[in-house]
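The domain 'Myosin N-terminal SH3-like' annotation in TrEMBL covers 8-60. Positions annotated as domain 'Myosin motor' by TrEMBL: 69-759. Residues or ranges marked as ATP binding site by TrEMBL: 163, 164, 165, 166, 167, 168, 169, 170. Annotation source TrEMBL lists region 'Actin-binding' at 638-660. Taken from TrEMBL, the feature region 'Disordered' applies to 1028-1048, 1087-1119, 1270-1299. Annotated compositional bias 'Polar residues' per TrEMBL: 1097-1114, in sequence order. The coiled coil feature in TrEMBL is assigned to 1142-1169, 1197-1262, 1315-1404. Under the heading domain 'Dilute', TrEMBL lists 1486-1766.
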């Protein structure tokens, strides 16, 4: 390839330009060897003759193809030279707004002077784990590379950030540390990473200042070492500082400021805690007002001080120490304002005694004012024999004062750095570290002094290390690919370094001159001239004898010698330091103690605790270190730094300042080129260009350049050999390329030559295609014209023939028309005559017929009148006869009815009628007797026990009869039974009368109420109709606003989802804090040993256990006194932390409030009843009722006590006998079954006896009351007395009792009961009527309000009213439910006292005799006996939890019922509820929850285990709901399932705990699944070729860092889309196998699809190489495959595809046209799910695959931005990969009945007993 081939027509070149450095041009005439002029055309279409020749100019640089412009890596350019680098950076910065670009191993960062949204946590997550070349250039990519190499190679790393002031070094270093803090966060939650980040605001406050180039310029260098442990978590950090610019404390140039901390204190001087500092505005102090501008635009110094104080607090600096620091800083300001007055002689000076600033200075530092005043104006001279005190001149005193201020600030700076290092230090052994070096770049100003000299010296050392490292990497690459290489000549700056630091170098001569008593800067300059005048890197200025020039690697710099000696000595008077050492403040005294006099570098470097493997041994320091000069200290610290960097793997970040005006996205080419030359980027380009900069893998080269191959080459199977044959054919010079093991290496420009050949081949093919297509188009056009001519001829001839035929047709038609017309005219005349004749005939005939009809009609009317009159006369006669008969019948029937009524009244007064009324009661007693007989037949096995019980009852009846006889014997004789009976009959008749009256009143009242209810129902119906009419009107009016309503509903749903998301985030945060608490506990237990007794788990409280859930009692929360006592014992603070106590008190308060309301309501009702009854007579039976109740209660108590004792004795004897028999035969299952059957029968008999005893007690009570009445009346007949005496029938026989007084008493009690019921019903109806009235009034008010509202407000108001109504109803129902539950619990407790005692006795007897009987699981029960409960002993609880939770494996129950552990646990809970043991329920649930959390913590990366426990936790939650007894959860239950509901306890609070646990497990499941899928997503969605041979290869010579990939294989194998789909299918199968609810599985799939979308979209937005048309096609195909998978699993409707909408639109955006305004409009309407930033980012990243595809123009992107600027959206560039949709756990009851659950023997649950 000759020069003429390269410099041919249309070739584009770069020519120098004085303004833009380089300018583009195009060759318009081929260049021939020997030509002296090159004819060019500039971009403005003007021509230029460019002179070339050996003396004038060489040939201009060639431009790269447009397809290579904007590449991520500068070394990927085909032509590597300065203009190509500059143009690539400019295009990326201005057009694409990309501030980062790779240049080999260097990251070039251009300061945008604008805050960009590319540093969020989502960006960190996107770069974490990625190779450096896979993503777009970024500071996070460099940090990730360093972190990855540290973990893989186990070698320390360093990131070197350099650049001139204002280039963004500090910000880049800060972001790198933020990346390490996020990715390598501390494992033990000690917040080390937060402390590392907190050091930044502190160092910026005390070490940064505003300069003319930068508002936040770092005026010191720092090297931060971040330490990591073996798991690569941050454990600590250490900081070294270099060369603090102390002179800035006392001097600032115009428009510059002092250090930020001074202005922060002055801005906050009004705070109360700073009153003692006596500060005012910064303008009032000399040291802060020299720059004449104390403000920075956009910076609030007061707010920055708050951040600084917060950072100091986080680093452990106490408030008292902070105030001490601020006092020292304030004292420096006061020292600068101390007024020094010169004396007249000019040789001395003094300070006024009333100088307030000196007073404040001494007060703040705690020193004596007189001494300081004295030594500020004098100094001590020490000779061998005497000591003199000499006055200082004004200038000397001012210099001494300034030196003291600088010295104080420097020592304070060192003290703060030392304490930061102490706060970041850790005792844990460090495994490795990553260092971040933020150091000043090369500087050159108009006046360069000692500081610039040291800065440029440091940059010379760093550049030397950089050059050697780049050269080393190039050689390693060549050796790895086995390419022969020769030494590349690169610039070595060792001579310049020797000039500075070698023996008799600049620094040595400077130190030597400092030791001379009367050394001056001029003498030192003369020594430099004489010593180094022959050096190639040293020059003497022509016009000056007080400066010298050093030729650095970047540029020539002229240094002014004035001030070098003074700054190098850094002299401070010893007397002033001694005064400070004697300060009464400890901090001030500590700053100046011995050992602190060394400079800041040595002080901070010696505080480092980190071991560094240096290449060379550390140079020994001087014994008297405090005598070292600043230059010597800086050289030593720089040597230490270089040894550290040489012992690490360096990574380079070069920061570029684009302009000096600090304007955003403005690029000054001249300033950029200066910095590129100074920072070594162009040196990297030169080294790369000297070798083989372009590198291609064999497959990529084959895919790109196969168009240049012949058909014969394509048949060869070995692609490597094909590539070799092609290159040997195309490039004749073998030195232009080399074949490596995996890559082809090209010299600079060779890829461009291959691209030219490829473009020519395509151009030739295009021309050939155009020729063929054009000929084909012409032939088609000729055929169309010929066919058109033939068609026209055919149509013309046809037209003429048709016209002649038309004429013939018209002639024949005229003849026919004439014939037809004549015929029609004659026929019409005939028809008219015929119609007239027919009409005359019709009228005549009609007249005759009508006359006949009228005659017949008159006869018919006369007949109808006669018939009607005759019928009326007959009916009138019949009605008179019928009325007379009815009157006779009525009179007769009335006489008979009166007679019958009289007879009935007589019968009603007789005794027979009374007996007939009681026939029903006798029948009832007879039926009860028959029922007892039937029961006695059924329980034959219990005859003996029943006989004993009957005997006891007979004895009792006998006793009662004897008592009755005794009572009768005491009664006085003389009264007859007949009189008593008559009296009773009269009373009974009166009672009947009263009862009838009451019934009539009640019926009347009831009838009135019914009528009132009917009226109310009618009104309600009318109101309903009106309401429906109003609703209809509302719907009619809101039809046009349906969209608004739907939007409101959507908004409400979104708010609900946000609320649910916030709650679940709180649950997530709670679990994180819980994990953190456990980690802290583990750390404390591992670090500290506590002697003494440690509690075992049995005596630990719930707070000390693993459970963080409240201890919820299942019993009624009524023990308020105990709870209050518990609070007093624990203390208020601990009780507030104990959720169990808090919940008890809260519930008790709620119960008391409800009880208060209930009592208030009852009191009001009683008062109303009292007012009503005040006018009514008191009931005469109240006293009798009270006596009856008392008698009934006393008899019932006595009877129960007696019967209880007897039954206990019988039961003990029976059990003893059965147990004895059972002990004789151990293995008899029949005996055990008989025993259980006997116990069941005994329980049933006891219940039946309880019923019988109630009836007996009723009868006994009535007997006692009757005897008392008989004693008062004394009218019982002796004959009847014998009847009672001779009655020996037992009471239990339930025969009819003939005593009329008992019947009367029973009737009275029934009447009273009915009357009370009627009154209650009446009150309820009154209350209901009042409620209905209130409801009607409210509805009327609402209707009135509705009529005044607008349609929108009406809809919103109706929704709010409905929500309020439902809420009130819900609260009322909850209160009612709580009351009913309380009553139910109380009744159940009273009813089961006896049964519980019997069961306890049974358990104790069985345990003492044979515990194995109740624990044998081999006992077979009948299915009807199993109630779906499992019994276990309290001591077996740990074994139960261990078997079901801790040691449970999912495959152990895979063949059984899904969620079997959840069913077993709930069955155990049911039994604890059945026996009313709240402690057992609480203990089991708490232990289960803790065990599940431990299992999940142990298996935190196991998807199968997490899915298994999510299914079981949700199923246990559903069981607690399904069997809670709540009607809302019982709608789908079977009858048997309703019987299994919990009876005693309300576990609603535990349901909430389990719901929170399920949310935590769900979040862990998502985290595990995303962790498994994360490495697969990018490779499967963006990189794998689902459609083969679709992706094109760009001509870029890809240069991945070898360290970023595996050494041989080039990295891990990529995942395909099928692998991703298989993984999704595996997740879905596992969840289905574990019985997880389909709704939850669908939410998991939806979340995983969102993760796929977020990761894919983020990588698409951060990778330029995948933003192409082919990637869009591949992406759409991959998404369609995922949609097919969803359809195959019946999951398409769950909304997973909607979560993929952003990446779908991104794929479409890559494929649509991007040229015209119509295309922009289409893109705006298409990309609704993408933000404006994302659309612009994709358009900026869009990369054409070849030169025939156009780039997206800047104007098109601006058009998109203008169209979408009003779109309301968030400014986030990347999708949030951490976002989780709020999960819902819908209630899904189980159709499985608990009694059918089978427990496999493999679970080893033999200790459970089925109940």
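Just so you know, glycine gets a Cβ as well, placed from its N, Cα and C.
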Near-site residues: ATP, ref 163, 164, 165, 166, 167, 168, 169, 170, CB cutoff 8 A to centroid:
111, 214, 217, 441, 655, 657
Within the domain 'Myosin N-terminal SH3-like' (8-60), count helix residues (DSSP H, G, I), strand residues (E, B) and coil residues, in that order.
0 helix, 24 strand, 29 coil
Under 8 Å by Cβ from residue 164 (ATP binding site), same chain, sequence gap 6 or more:
213, 440, 441, 442, 443, 655, 657, 675, 678
I'd like the number of other C-beta atoms within 10 A of the C-beta of residue 163 (ATP binding site), please.
27
Number of helical, extended and coil residues in the region 'Actin-binding' (638-660), per DSSP:
9 helix, 8 strand, 6 coil
Greatest C-beta neighbour count within 10 angstroms, which of the binding-site residues 165, 170:
170
State the count of C-beta atoms found within 10 angstroms of the C-beta of residue 168 (ATP binding site), not counting that atom itself.
24
CB neighbours of residue 167 (ATP binding site) within 10 A?
25
Which one, from the binding-site residues 166, 169, has the smallest tally of other C-beta atoms lying within 10 Å of its C-beta?
166
Would you mind giving the whole-number mean pLDDT across the coiled coil (1197-1262)?
55
